[in-house]
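Here is what TrEMBL records for this protein:
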- A:4-100: domain 'CoA-binding' (DOMAIN)
- A:T17, A:G18, A:G19, A:E20, A:K43, A:I96, A:T97, A:E98: CoA binding site (BINDING)
- A:Y159: substrate binding site (BINDING)
- A:H247: active site, tele-phosphohistidine intermediate (ACT_SITE)
Amino acid sequence: MSVLVDEDTRVVVQGITGGEGKFHTEQMLEYGTNVVAGAVPGKGGQEVAGVPVYDTVHRAAREEDANAAVVFVPPAFAADACFEALDAPVDLVVAITEGIPTQDMSKVYRKLQETDTHLVGPNCPGVITPGVAKLGILPGNIFSSGNVGLVSRSGTLTYQVVDNLTKRGLGQTTAIGIGGDPIIGTDFIDALELFEADPDTHAVVMCGEIGGEDEEEAARYIGANMDTPVVGFIAGRTAPPGKRMGHAGAIVSGSGTGTAQSKIDALENAGTPVGNTPEEVADHVEDIL
Amino acid sequence: MKLHEYQAKRVFAEAGIPTPDAELAETVDAAVDAAEAIGYPVAIKAQVQVGGRGKAGGIKLVDDAEEAREAAEDILGMDLKGYHVDRVLVEEAVDFTNELYVGVTMDRGEGKPVAMVSTRGGVDIEEVAAEDPDAIAREHVDPAFGMQPYQARKAVYDAGVDRKVANDVAGVLTTLYDLWAAKDGSDAEINPLMVTADDEVIAADAVMNIDGDALFRQPELAEMQEEAAEDDLEAKANDYGFDYVRLDGNVGIIGNGAGLVMTTLDLVDHYGGEPANFLDIGGGAKAERVTNALDMVFSDENVDAVVFNIFGGITRGDEVAQGINEALDAFDEIPKRVVVRLAGTKAEEGMEILNTDLVTVEKTLEDAVQRAVEYAEEDSQ
């Protein structure tokens, strides 16, 4: 078992004719992902990496039975691409694009509440169920199949933690990169809910970072609702207030909310061990399993 | 992107929000002329983008030409929290009976805008929020419909604003929301919104921050963007297109991906060192970016050793290694010792290419950071 992505996931790639879209479509196909269509306005009838391209997501979904979309569309048009995928509709939208205006995402988020679709991202590396399929830009070779669920706000940090897990034989059910933007579709709690309901996920690793209060809310959720053990990691302990650390959402406010310490305290109060290093995260997971 | 007070006030005034008479001045003489024209008392206000200007001596109230000259001489050219003041706003001093706060921002937790009103204006609103959250009335706005007039009224009455000015304050809040939405604001704020003895409201200060990701569709605002002369290295990072933050330590850090770079900083601290910077070279970095990144870190005189940590997804280890070799080859003597750790896509190929006469190679993140902390201690000047 897994969450969000499995053997039945049939992907339409939005922006498949662009450089990134084409390259990662090839990578996804190579990994075994069922990429069944591309969608680019005006490019219907073409083929990319053997995948048929349609002018609209609706047509791609209808003709090829696509039930998931991956968005590689440039920031100015990415919110529109998300609306299109939500309206098609598909069950899962993974938005890779970085730099979407926040007010655009606020509107997409508003629309999302009216649908049954899961939106992952934006500004995220994607979702992978090792050995089955990946939707996004995650390097497939570092993942291995197993019983650990992983949810993270950061791409390369996910790779680092997964690498530490895989090297100890701790494989993953599914890894979800939820993205580093202020407004994202799937937050920690949504991902934790999915893992809690998955019988094959025996432990969850949650990688957070400074900014916002999602980790604190997730900690409350873990304390109140989860039987599956969770191990935490929080990046940005040394970040000064008022400075944006790369991700649009990674900022400790001037008044001191969003600090790493507040998140670490919240998780530990919920009984969730927090690793000081990625290696210690793997130690904790090993202890649990 | 932050607008200066004078820029934000122009934007607000154009939209119909009352603002005091004001003129921008770059010289002492121009400031005095402006004060004479406006009529005393006037406020002389440093135009730099930092909070707490008043407390730091960047705002002075003057009653005549002599005082105006003295204040302008003091403020123009002063260093205010690291910013050089080269312009002042000379502004009609408003005689007020009351100071309010109105603001609009994005509530990231809710994913929607929130409008705020408080009768406790004129002080740092984040302090008010921390001490007495009930003193701020909040109204969430559906981004699909925008703020409805009743929502502005509700926030104003909930905040306890005097009913004599309630309609005017609600009008200002509605205009502020519309501006925020139309201009891709991240924060829009009037603090204080002054109430005069004649029950008029007037925006005595103005904050307007714009979402940098939306500047492509806000050309007029993008043109207002000015070089922030905060830090030479940060300016250089802007030119190179890096996400860079300068810190106080002596271990230089280069990596890819915000979360992993933050983690590398944290590990430096964990192993007893002090990070000198955050530098994210981003995804898919090739030789030139690697060279530029090393140049950035070597340019920081505080740096005594460097850790270069790459976990390749779309970034290829062999290309990074090539870049490191080329960049370091160009030096007769490498200024600081560099520890490199490559993982992920093409990492093994990269490790083989790396010239170990120029760099120290470590296999794990933990080892690489510990080694760099050691080097920084040994080489610390």
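Every residue, even glycine, has its Cβ placed from backbone N, Cα and C.
Locations of recorded TrEMBL features on the structure.
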residue: A:T17; record: CoA binding site; Cβ contacts under 8 Å, 6 or more apart: A:G38, A:V40, A:K43, A:Q46, A:V48, A:V53
residue: A:G18; record: CoA binding site; Cβ contacts under 8 Å, 6 or more apart: A:F72, A:V73, A:P74
residue: A:G19; record: CoA binding site; Cβ contacts under 8 Å, 6 or more apart: none
residue: A:E20; record: CoA binding site; Cβ contacts under 8 Å, 6 or more apart: A:F72, A:I96, A:I137
residue: A:T97; record: CoA binding site; Cβ contacts under 8 Å, 6 or more apart: A:V71, A:F72, A:V73, A:P74, A:P75, A:A78, A:A81, A:G121, A:P122, A:N123
residue: A:E98; record: CoA binding site; Cβ contacts under 8 Å, 6 or more apart: A:P75, A:P122, A:N123, A:D181
residue: A:Y159; record: substrate binding site; Cβ contacts under 8 Å, 6 or more apart: A:L138, A:P139, A:I142
residue: A:H247; record: active site, tele-phosphohistidine intermediate; Cβ contacts under 8 Å, 6 or more apart: A:N123, A:R153, A:S154, A:G180, A:D181, A:E209, A:G211
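Put plainly, the binding-site residues A:K43, A:I96 were compared by Cβ crowding within 10 Å, and the winner is A:I96. Among the binding-site residues A:T17, A:G18, A:G19, A:K43, A:I96, A:T97, none has a Cβ sitting under 8 Å from a Cβ of chain B.
Across A:T17, A:G18, A:G19, A:E20, A:K43, A:I96, A:T97, A:E98, which the record gives as binding CoA, the greatest C-alpha separation is 23 Å. Under the three-state DSSP scheme, A:G19 (CoA binding site) falls in the helix class. DSSP classifies A:E98 (CoA binding site) as coil under the three-state reduction.
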